[in-house]
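Undergrad: Sharing the feature lines straight out of Swiss-Prot:
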{"type": "BINDING", "residues": "GLN35, TYR36, ARG37, ASP38, LYS39, ASN67, THR105, LYS135", "note": "4-amino-2-methyl-5-(diphosphooxymethyl)pyrimidine binding site"}
{"type": "BINDING", "residues": "ASP68, ASP86", "note": "Mg(2+) binding site"}
Amino acid sequence: MKLRGLYAITDSQLLTGKFLSYVEAALDGGVTLLQYRDKTGDDSRRLREATELLKLCERYKTRLIINDDAELAARLGVGVHLGQTDGSLPDARALLGHKAIVGATCHGQLELAEQAKADGATYVAFGRFFNSQTKPGAPAVPLDLIAQVRARVHLPIAVIGGITLENAPQLVEHGADLLAVVHGLFGAETPQEVTRRAKAFMALL
């Protein structure tokens with residue numbers, strides 16, 4: 001599957017009071033994948049918000065990904081992104097079917113990407129590459145890892161961690177396919193600025 005472009009990731013705290021308006025603004029600017037990420041554990045709210053996002057994604061012809069919840073993804077008929085401690089990738093693939101997008105966090109380890117490919121991943125994700133507000137304690141990953149992954153794991157490569165319009169070009173130059181962005185997109189003051197940033201990120205790829 002060819003995946004290339006902006007991978008927008010929601011943050012419930014960052015988007016308090018402006019969740020749908022900012023997400024729609026991003027979709028209006030152009031988003032390849034949208035990941036719904038909510039770590040609160042409020043299942044009813046998660047289902048409601050994910051359902052609302054799916055409606056928006058269908059309108060804008062964008063693929064929705066659920067973070068760390070294969071059952072919710074299956075319920076909505078969308079993809080899933082799994083961290084290293086968030087359940088079995090083969091089980092998620094079996095649950096969602098062969099056409100679903102299933103992404104895997106690989107931190108900074110090439111071996112994890114090779115295993116993810118063997119387990120049926122659609123794309124592999126690496127990071128953090130820069131200082132991240134979402135996961136400030138995560139270990140840094142060197143830029144040259146991207147080329148190593150590209151040479152050995154022939155899957156789309158998502159990069160994450162403190163990505164902004166200023167530092168994103170070097171990630172693309174090193175071979176990244178998907179720019180996974182949270183604060184660098186949704187930390188804007190207005191929906192119009194979110195749209196502008198989304199367009200600018202997409203123009204890099």
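Using N, Cα and C of the backbone, Cβ positions are placed for all residues, glycine too.
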Undergrad: Given LYS135 (4-amino-2-methyl-5-(diphosphooxymethyl)pyrimidine binding site) and ASP68 (Mg(2+) binding site), what distance in Å do their CA atoms have, once rounded to a whole number?
TA: 16
Undergrad: Please find, for GLN35, TYR36, ARG37, ASP38, LYS39, ASN67, THR105, LYS135 as listed binding 4-amino-2-methyl-5-(diphosphooxymethyl)pyrimidine, the greatest distance between any two Cα atoms, in Å.
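TA: Greatest Cα-Cα span of the listed binding residues: 16 Å.
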Undergrad: Please report the DSSP secondary structure of LYS135 (4-amino-2-methyl-5-(diphosphooxymethyl)pyrimidine binding site), reduced to three states.
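TA: It is coil.
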Undergrad: Any idea what the Cα distance is from LYS39 (4-amino-2-methyl-5-(diphosphooxymethyl)pyrimidine binding site) over to ASP86 (Mg(2+) binding site), rounded to a whole Å?
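TA: Each residue's Cα considered, LYS39 (4-amino-2-methyl-5-(diphosphooxymethyl)pyrimidine binding site) and ASP86 (Mg(2+) binding site) end up 12 Å apart.
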Undergrad: Taking each of GLN35, TYR36, ARG37, ASN67 in turn, which of these binding-site residues have a Cα lying within 10 angstroms of the Cα of ASP86 (Mg(2+) binding site)?
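TA: Cα within 10 Å of ASP86 (Mg(2+) binding site): ASN67.
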Undergrad: Starting from the Cβ of LYS135 (4-amino-2-methyl-5-(diphosphooxymethyl)pyrimidine binding site), draw a 10 Å sphere and report how many other Cβ atoms land inside it.
TA: 13
Undergrad: What number of additional C-beta atoms lies within 10 angstroms of the C-beta atom of ASP68 (Mg(2+) binding site)?
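TA: Other Cβ atoms found within 10 Å: 18.
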Undergrad: Which ones in the same chain are close to TYR36 (4-amino-2-methyl-5-(diphosphooxymethyl)pyrimidine binding site), with CB under 8 Å and 6+ residues apart in sequence?
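TA: The answer is THR10, ARG46, GLU49, ALA50, LEU53, LEU64, ILE65, ILE66, ASN67.
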Undergrad: By the count of other Cβ atoms within 10 Å, pick out the sparsest of the binding-site residues ARG37, LYS39.
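TA: Each of the binding-site residues ARG37, LYS39 was scored; lowest Cβ tally within 10 Å is LYS39.
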Undergrad: Mind giving me a neighbour count for ASP86 (Mg(2+) binding site)? Other Cβ atoms within 10 Å of its Cβ, every protein chain shown.
TA: 16
